[in-house]
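In what follows, a single structure is set out as structure tokens and then discussed.
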């Protein structure tokens with residue numbers, strides 16, 4: 001069966017933000033590769049959201065850093081990013097995707113910067129961290145991943161939350177500030193998810209985009225260290241599932257007990273009044 005051209009254009013229009021961002025990422029990567037390693041290093045240094053640049057008022061790095069990567073291999077990870085962003089744009093439309101990505105990219109960057117300032121001032125980290133390279137799409141992408149939480153069916157939501165938080169927390173064992181930024185971006189996305197439209201009906205397209213996008217998110221969060229990340233993720237699933245079960249049981253108990261008291265015979269106040277009457 002032939003799909004009408006109008007339907008194809010309508011679907012393409014719904015992914016304009018994702019498509020435009022992917023084209024810009026690809027164009028920047030190809031251009032920097034063509035200009036050579038020295039030029040790439042200079043651009044990465046100029047666009048890094050490190051303490052040195054932010055302290056000198058280079059606030060444009062908060063936006064520019066989202067279009068630059070510190071290495072090649074864009075062809076390896078760009079398809080996964082596109083699937084993740086496409087799922088977000090289908091769920092929240094272009095404006096929602098932009099807001100979510102910006103909250104993760106800028107919000108996590110600023111919070112991490114504040115933490116780094118405190119760590120440097122107290123001597124926990126060396127001053128050289130102020131010139132560290134910090135560019136890329138990971139904070140924004142991880143926030144989009146977390147913002148899908150409210151769209152996950154309720155029965156699977158605790159496992160979803162526990163899996164991603166477990167992976168992200170394991171990655172912080174290397175004491176890398178980027179890993180802590182990923183945890184922050186994930187939490188920001190999860191918090192934001194309940195203020196965004198959710199996917200009411202999952203289609204095969206949604207499911208396919210989720211599988212590929214989640215695989216991309218896994219490698220971003222885990223840093224390609226699969227064994228420890230899997231253990232952390234599974235541990236998070238168990239803990240989150242147990243906590244969710246306890247909360248559900250407590251909620252069910254609270255909803256049952258008031259009705260028992262209102263029925264009369266089980267109410268302490270009713271029993272006391274009857275005792276006084278009989279006395």
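Even glycines carry a Cβ here, placed using N, Cα and C.
Annotated in TrEMBL:
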- 259-279: region 'Disordered' (REGION)
- 19-37: transmembrane segment (TRANSMEM)
- 74-92: transmembrane segment (TRANSMEM)
- 99-120: transmembrane segment (TRANSMEM)
- 163-187: transmembrane segment (TRANSMEM)
- 199-221: transmembrane segment (TRANSMEM)
- 227-245: transmembrane segment (TRANSMEM)
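The largest share of C-beta pairs under 8 angstroms with the transmembrane segment (199-221) comes from 163-187, of the ranges 19-37, 99-120, 163-187, 227-245.
Among residues of the same chain six or more beyond the transmembrane segment (99-120), those with a C-beta under 8 A of the stretch's C-beta atoms are 49, 51, 54, 62-63, 65-66, 85, 88, 92, 126-127, 129-130, 134, 137, 139-144, 146-147, 177, 180-182, 184-185, 188-189, 192, 196. Sequence-remote contacts of a segment are chain residues at least 6 beyond its ends whose Cβ falls under 8 Å from one of its Cβ atoms, and for the transmembrane segment (19-37) they are 12, 43, 67-69, 72, 74, 78, 81-82, 85, 137.
Counting residues 6+ beyond its ends, the transmembrane segment (74-92) has Cβ neighbours under 8 Å at 14-15, 17-18, 21-22, 25-26, 29, 100-101, 137, 141, 144-145, 147-148, 151, 196-199, 205-206, 208-210, 212-217, 219-220 in the same chain. Within its own chain, the transmembrane segment (163-187) is flanked in space by residues 104-105, 107-109, 111-112, 115-116, 129, 132, 134, 138-140, 142-143, 145-146, 217-218, 220-223, 225, 228-229, 231-237, 239-240, which lie at least six positions past its ends and keep a Cβ under 8 Å from the stretch.
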